[in-house]
């Protein structure tokens, strides 16, 4: 049949603007993070159920288990939109997915800028976290093990000094404290003893009542804050590499997701225009 002069060339019915490569690449890209989100939720729920005390890790602003669950659920919903939107070629879901990724990327960018601008306040935040951890030392076994590991690793005791342990109700030096550990420090503050077969968990007994010189013969007297800051300064390249390794997937996921979703949305719109054009001109005898 003759084509009307000036009419655009028609594509075959089997032609599509939607690239299978972009479509399924976006689908499997989201499927990967969808599985990761389910693992995050499962780990968060398991960690939460294993906690028997509501005061667990109360030194932190948010329980890591709860944070893991919330982030996992949000990530699950976001990747669900990406998976179904790409598979079903749904513009609404793809636009929602792209918008959410844009917000995530902007939030990450803002967090990075704020972290750089207020880097001088990092020491104060570290001090606050360590002091709160000291207060809740006996409230959670995981927190207790973490503090003991840190004090052994960095050869330190307390936040600014070993006397910071008086903030804990069990180690407080007040006369009305009935605890057997009154005015003591945890065993992890004690200096290592060569060839010691059994750990003396009471080696820090009464150490807070001694001055620095006397206490220094038995325990570490320097605080962990200075030790931690010095360790960070001496391992900047290592920490920078680790931070870069963690930052790459966090930045890559939003950017790649936004790029692929927008390409697919434009292809779907072109395909819709083609279908409408074919429907309008299918009955045209001059088409």
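Just so it is clear, glycine is given a Cβ too, placed from its N, Cα and C backbone atoms.
Looking at the stretches 24-47, 120-143, the one that TrEMBL records under the feature transmembrane segment is 24-47. Same-chain neighbours of the transmembrane segment (24-47): 64-69, 71-73, 75-76, 79-80, 82-83, 86-87, 97, 253, 256-257, 260-261, 264, counting only residues six or more beyond its ends whose CB sits under 8 Å from a CB of the stretch.
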